[in-house]
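Notes for the one structure printed next.
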């Protein structure tokens, strides 16, 4: 860098007009999963040694990992802007802070004391085969860090160690107790000397809410009440057996080790004496005051934190922190998906307000992160929890966060203070639409209820399942004291590998403004985050313009002096009224939920649509509707309250909608145009939604028409289709046609079909001819009222627009061509054909035909279209390997064939040949004639069939040995034909005059011997 700077300085001294050399992009230290792989430089780098994110739009290299220096690390927003170009393509990035910053961090134990995990959630995974719906059940508990750590050490929730993964897994694991568990067990024996101590220990685990009481079970154990469910989630039943004690920290003794708890439960369930003692203890426990319980609980928390080592005590037995390599984490990943939905549901202490960072940390302090979002929010706002104020997340093994993007497509930062790693999945932004489409196919009911259903964070799909839909995600392992940054529109998911504590918050850069304007919010959740970016920017600009520097304080004159001087009171200056129109709310987070609401402006007036068939505001060509359908239930909301006089429609709309037309009626002495047939529009047409309108009220108004391509269900208003050219909609009036208006007479109470009735008279069947004749009399032929003129139109949506389809195809071809051009010759590429997927060697690119030439079977060359080339992962599919070296060129041996201008010339040449009479003596061994009949001839294998060599391998004959035959193909006729007698020899064939015959064309049965005659 110093040499570059000096060179640019010298250049600037020579020529002041020269532009400065642009600074190179910040390069990742490596891409996760390819640490030892040497990646090729960018094809557009001109020999430079750095990479560019534009060359890998789908993040095939992996997730970038950055290791900034301490100087780069000081400026958070500046460094985020430098690496933003990478994250906007990979979805997430990992930042490993400098060692100096990590060493300067204060201890986290002092900050963990006041932390309370309120309403942790129990995650129920419903599904199978890699596809799950996550239902979160809130637990009415307030837990300390000690209680959470003890819960994570239970056998049902403990993370697997090195000895737990492999061929046998947890089943072959012998239970061992950690050092901390042994220490707590020893302290329990001392503290449990008297029944009073035992009662205090059990009671202290209850929540802070006195209303959260436990019910007594027959075995003397306290069972938890059914917890409240989340909004929109079904109630999950909670059983009252001993197995459920792990779900409620108040109902188990934290001093019991993992291997002692089940034994104690069985003993208490079968010992009547212990049951009676427990009931007496429960009665004594109720007499204790809440203050005493809280004091004992705080003392235990303090004692826990004194001996708690955050970076060691989370480890499973027989496991070290260095054991969490990428290979070991991938084994845990396979175990997670293999057992997902089985066993006890995991808990997650998510969305806990607070921060573990202190003010001593100035750079990258998640608790006080500089952000463009905080600068545009009102200064009076106390913060939005989880959006611009941090959340703590306490995880355990299998605690999951499903596929989602951040609210309002914001950035987010996640930092693990201590504990087990997190396993992340990230979908590049280039494949975000493919993921949404895939998840819509997996959950069709949810997409119909909420278009933004993935923002619910309740839907999980395995990477193997997603790979089958060509949207395989990248993965990342985030360890303690590492940052993960998520970017707008970057879908991500993951799970925790054990007990850990992480901190996260949303933030925004200045580049987010345009993304925030286009971001969509979930409509089915009332308290989802919504931010009106334009209104916030307008409010901050108004505050800046109205701000005036405060004047220095002056000594106010006394009232007596004012009276002597006769000073008149000054009028109060009025502040300009501003009407911000923004509503920002956050999901409720426990009892301390906060909601920031700014003043709302006047409600905008509802749009008025002149035409009853479309949303066009034009009033040209409007005509009254004859017999409007006033008061019908199937009408849209915008038409349900219209009076008869207000029903008007455009002439063009009436001529295009199938049920309507325009006609003239006599009004007094003149004729006026009216729109007919609006009352005949069927309910299904009123229920159509216009695909071109953006507002719900506009979509539901009028009677749209559908795309004319096949059975396409896309529908548009006539006005929207006419003006939809810039949106890719094709609308054209083909011709004006004449159609008949037919009057069909209704048939009230038609007689039942004669074939379904059997009338009888006194038990005797009646003749059905009379009933049939009566039915025919009631059938009246429809009457043609008049001939009307309507428009025959062609309407094509964006999907079926031929110009758009051609442009997409051309763009796809150009993209594939660019990617293929970047590959060197003989590169291995994958081809998908009807018989499967094959890996072949690329020879060259044929631009004229849009194909590639590759090596195929036995090294021969074949061409395939560009669309057959596969870019990306093909895991889960069988890939057949083709040769990588071309086949050697073998010279072809061929006989010399004599050609003649005519048949007579060939006959004469055969007659003049001196070797015609002795051709048999000069034939080689391959052409030796049999001297027995055909059924006696055998080959070297002992069968009666012709040998392979005699049929296909024709050696290069010598000119002196070949007989001169008239037809010029002696090699194929040297043996007798099938069924010919072996007594006829070659000399007999040449002794007669050869005559030209019609070539064999098939379909006839002809004796070869007869044809030679």
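Every residue gets a Cβ built from N, Cα and C, even glycine.
Record features (TrEMBL):
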COMPBIAS  1-19  compositional bias 'Low complexity'
COMPBIAS  35-47  compositional bias 'Polar residues'
COMPBIAS  205-216  compositional bias 'Acidic residues'
COMPBIAS  228-239  compositional bias 'Polar residues'
COMPBIAS  267-280  compositional bias 'Basic and acidic residues'
COMPBIAS  551-570  compositional bias 'Basic and acidic residues'
DOMAIN    63-104  domain 'JmjN'
DOMAIN    358-524  domain 'JmjC'
DOMAIN    609-757  domain 'PHD-type'
REGION    1-59  region 'Disordered'
REGION    175-293  region 'Disordered'
REGION    547-588  region 'Disordered'
Given a Cβ distance threshold of under 8 angstroms, which distant residues of the chain, six or more beyond its ends, lie next to the domain 'JmjN' (63-104)?
25-26, 28-33, 53, 56-57, 360-361, 363-364, 369-372, 411, 424, 426-430, 474-476, 478, 481-488, 490-492, 509, 511
The domain 'PHD-type' (609-757), counted residue by residue under DSSP: helix, strand, coil:
29 helix, 40 strand, 80 coil
Across the whole of the domain 'JmjC' (358-524), what does the mean pLDDT come to? Round it, please.
91
From the DSSP assignment alone, can you count helix, strand and coil residues within the domain 'JmjN' (63-104)?
25 helix, 7 strand, 10 coil
